[in-house]
2 protein chains.
Amino acid sequence: MNYPNGRKNGTQKLRSQNKAETTFSNRGMTLEEDIELSNDYYRNANIAIVHKKPTPVQIVNVDYPKRSAAVIKEAYFKQASTTDFNGVYRGRYIDFEAKETKNKTSFPLSNIHQHQIDHMYACQQHGGICFIIVKFAVFDEVYLLPASKLFLFWNDQFKGGRKSIPYDYMKAEAELLPFHYQARIDYATALDKLYF
Amino acid sequence: MNYPNGRKNGTQKLRSQNKAETTFSNRGMTLEEDIELSNDYYRNANIAIVHKKPTPVQIVNVDYPKRSAAVIKEAYFKQASTTDFNGVYRGRYIDFEAKETKNKTSFPLSNIHQHQIDHMYACQQHGGICFIIVKFAVFDEVYLLPASKLFLFWNDQFKGGRKSIPYDYMKAEAELLPFHYQARIDYATALDKLYF
């Protein structure tokens, strides 16, 4: 989870010399990396405790060489049964999934799976705060969409509705997350506005 | 997460024919399996949403054969940065670790890692409910110990204190979790008593 102090921090420092503290462009890393750096910052600054869940793997064959670490020789990727991120913020359980799209006009719902919807719906029922973070790579814009709004589109698609969330809807109804030097994907500030 | 309907359910059924609904013996499965079955029950009964986190694995080499699933050819176990289980119950974030010991007189603190203590401490600071579930295999007894009590022993060991939690302390200060047919490790009921 914690990136070594080498490359990534170096990259950040170079950036901060050239850019204002808040900008909407030149994020550079993947959305997931940016969120993990934000989670690191939130943890170190004692703002929130959020972790990415490990990739689920079905381990079939493990080698135990003498005097060295066990080597997994055969394993397969499993479908995750939940979302990628969860944790605690201001006393609330939070749970979210992060997705990038190259699409310019909409976010295709095919990026999300039914079991993730079910998971977020259940967590919300129990008092959790659930949302998705969507990056429109072409515009280098990142949005936080509350799960309750996602559910509307999700359910509509099975009643003849569209199979994507329009970019214009995101612009109007989701929270744009500005890039910050420390909290690169500053979802906690958006949650303050939306839920507290 | 969801066990297939075969072996495990069969085992459960055989048990329920011979035993009262609540018993403290003959659990049979590993603690982790019992907790996962309890989580499944809690989810299906819409009582709590709790999942075990996947085992963290550092993937080094993946093979992508044509027309079949990617095969991980080389990977290593990584140390988890958090505890094994987390989720949401009655609007609260919950987070816990589960450990079995064969020791008859105490639970050795060497079963827990500093980073897990740090993680639980941080989660508790943010309003989460943190605890450990400890199984004394010899007695087939399972206890829930709130993290705040664990922290006392943890910190004491660095000031010349003992490096384990006495079984007698657990008996007196932790919650004994009775075996139930559905919630085999019924931690939610214990949480009701302790935190709500």
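Placement of Cβ uses the backbone N, Cα and C atoms for every residue, glycine included.
All annotation found in TrEMBL is predicted automatically rather than curated by experts.
Site annotation for Mg(2+) in TrEMBL covers A:T82, A:D84, A:Q116, and the matching candidate from A:E74, A:E97 is A:E97. Using a Cβ-Cβ cut-off of under 8 Å to chain B, the recorded positions A:T82, A:D84, A:E97, A:K99, A:Q116 reduce to A:T82.
Rounded to the nearest whole angstrom, the C-alpha distance between A:Q116 (Mg(2+) binding site) and A:K99 (site 'Transition state stabilizer') is 13. Apart from A:T82, A:D84, A:E97, A:Q116, the Mg(2+) site neighbourhood in this chain, defined by C-beta within 8 angstroms of the site C-beta centre, holds A:A80, A:T83, A:F85, A:D95, A:F96, A:H119, A:M120.
Between the alpha carbons (Cα) of A:T82 (Mg(2+) binding site) and A:K99 (site 'Transition state stabilizer') lies a span of roughly 14 Å. With all protein chains in the displayed structure included, the most crowded Cβ environment within 10 Å among the binding-site residues A:D84, A:E97 is that of A:E97.
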